[in-house]
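**Student:** One structure coming up, written as structure tokens, with questions to follow.
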């Protein structure tokens, strides 16, 4: 995860201090890219321990097309609590756009199902894309999508994924995003009969909140460990049938967790 630490250092040392929607203030850069070889290990940060349970359950929640936090809370995941209304609703966020994008003619488009079909039928297609950025519904969302578009690419039987993230909370959010989309790529590769390739993470506004500077400096003082390995139940051949128990993280040695406040 040296590439992540390089991003952290780059923003701390060369970023521009700016105001932001939350009122906290950020130091940011515009335009940056990282690449992870998924055959070299699972890109889960080792310079601070991450809550993998939350990452996996959130991804399964997205794939369910769910937009209410009740299912997450049933499984001990609270990462969306601050944005939900009293009934637990978040509006038409990620899961809704991925699985039920509303078309002008009244249909609802299942982008994930379409993607899986195209990977098998047209593996050379340049249209292997899923978008969560729906301008018509942004105002109805509790939080507009930060990781808003991803595309797949198949080469010599290997599946790679590139994510475009318009807004990136480097200290808290980005480590989750890396692991989540790496895992999604592995899952789709498995059910499509492919090997994994690279995960490419492309950023628009990549920022550190001003109340994360000390934590970032502390994290940079730590020496990263070898990447762990993610084992996925090979019996699962349907993307929508995965359960939490189908994933096993091996050899994860991480430094202790570093607390930091969430900007709402």
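Each residue, glycine too, has its Cβ placed from N, Cα and C.
Marked as active site, nucleophile by Swiss-Prot: 146. Summarising the annotation, Swiss-Prot assigns dUMP binding site to 21, 126, 127, 166, 167, 168, 169, 177, 207, 208, 209. Taken from Swiss-Prot, the feature (6R)-5,10-methylene-5,6,7,8-tetrahydrofolate binding site covers 51, 169, 263, and the record attributes it to sequence analysis.
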**Student:** Let me know the largest Cα to Cα distance in Å among the (6R)-5,10-methylene-5,6,7,8-tetrahydrofolate-binding residues 51, 169, 263, as an integer.
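**Tutor:** About 19 Å separates the two most distant Cα atoms.
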**Student:** Near the Cβ of residue 207 (dUMP binding site), how many other Cβ atoms are there if near means within 10 Å?
**Tutor:** 27
**Student:** So among 51, 146, 263, all listed as recorded positions, which is physically nearest to residue 209 (dUMP binding site)? Use the C-alpha atoms.
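**Tutor:** The answer is 263.
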**Student:** Fill in the CA-CA distance, residue 146 (active site, nucleophile) to residue 167 (dUMP binding site), as an integer in Å.
**Tutor:** 5
**Student:** What whole-number Å value do you get for the CA-CA distance of residue 51 ((6R)-5,10-methylene-5,6,7,8-tetrahydrofolate binding site) and residue 169 (dUMP binding site)?
**Tutor:** 17
**Student:** Are there any residues at least 6 positions away along the chain from residue 169 (dUMP binding site) with a Cβ closer than 8 Å to its Cβ? List them or say none.
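**Tutor:** Set apart from residue 169 (dUMP binding site) by at least 6 residues yet with Cβ under 8 Å, we have 146, 207, 209, 263.
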**Student:** Which of the three DSSP-derived classes (helix, strand, coil) applies to residue 209 (dUMP binding site)?
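**Tutor:** Reduced to three states, the DSSP call for residue 209 (dUMP binding site) is strand.
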**Student:** Over all pairs within 21, 126, 127, 166, 167, 168, 169, 177, 207, 208, 209, the annotated dUMP binders, what is the largest Cα to Cα distance, rounded to whole Å?
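**Tutor:** Value for the max Cα separation, rounded to a whole number: 36 Å.
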